[in-house]
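Asker: Quick paste from TrEMBL:
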DOMAIN    124-247  domain 'Type II secretion system protein GspF'
TRANSMEM  13-35  transmembrane segment
TRANSMEM  67-83  transmembrane segment
TRANSMEM  89-105  transmembrane segment
TRANSMEM  234-251  transmembrane segment
TRANSMEM  263-283  transmembrane segment
Amino acid sequence: MMTTVAEGGVSSLWLWVGVIASSIGLALFVGGTIAGGDSPLRRAWNERAAKDDADLRFVRARIGGDAYLALQVLAVVAGAIGAAVQDALWLGIALGGVVLARVMLARRRAQRIATIEAQLETWLGSLANALRSTPSLGEALAVTTDVVRGPIAEEVDTLLKQTRLGLPLDRALLDFSDRIASPLVTSALAALLVGRQTGGDLPAILEETSAGLREMTRLQGVLDAKTSESRMQAYVMLAIPFVVLFAIHRIDSAWLEPLSSTTVGLLATMVAAGLWLAAVVLARRILDVSL
């Protein structure tokens, strides 16, 4: 009996060695296909990796876009092989890990943008004060990095490094706006660029912009407060079908069998699922209110 257990353990070990080796081999094949020639797969890879790399650099992650994407591909390949040789659960785990990684990156980016937007009013006030003491916009931007800390100071520092490497200041400001991709930041920098190019009173323009952003932030807070209750009601209503199905299944599991074993039941299930998805889309559109 011990021999049988040992043989089973060795077989399982060799199975996983084969899975890992196959995953690495398939990953190398995909990598070679991507690296070789101007194929559609390579173009798609480069586009996805470039976007991931920009997001990762924005959140100050210590991994590049190519490595980030390669790890996800390797995980999916390993999950697919594990599903083929043992259990489909491995593929589900792999896909869940990929989705989780994507969600975490998007969440970190959104949190960083929210922090920058919260600091924007203070930063504009600091920049206006700095411009009163120095006529150079570049020097004034450098001063703000000592006054305002956090993500916005890091982004301004990146902007200043770009100008030291020879990039024109206006182009660096546009890159600053593109990296953050926030309507508030874009509006503020647009006012700054227009005032700089038309020769206006930059400190006054920045103070007016700061006051406008303050009012927009206040109105957005009021709007969020008014719609938060509606959002919660929508979430509850969207969850009710699953709660009801779970309760019925716990009471009498046979009661739901016709939904999956008869043509009428399958049709009713498909119609109900379609209506639920339509409700999700409509709820998102109705509640997606912004200034």
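Placement of Cβ uses the backbone N, Cα and C atoms for every residue, glycine included.
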Asker: With the transmembrane segment (234-251) as the reference, find which of 67-83, 89-105, 263-283 contributes the most Cβ pairs under 8 Å.
Answerer: 263-283
Asker: Which residue counts does DSSP yield for the domain 'Type II secretion system protein GspF' (124-247) in the helix, strand and coil classes, in that order?
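Answerer: Secondary-structure composition of the domain 'Type II secretion system protein GspF' (124-247): 109 helix, 0 strand, 15 coil.
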Asker: Quick one: mean pLDDT on the domain 'Type II secretion system protein GspF' (124-247)?
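Answerer: In the predicted model, the domain 'Type II secretion system protein GspF' (124-247) has a mean pLDDT of 86.
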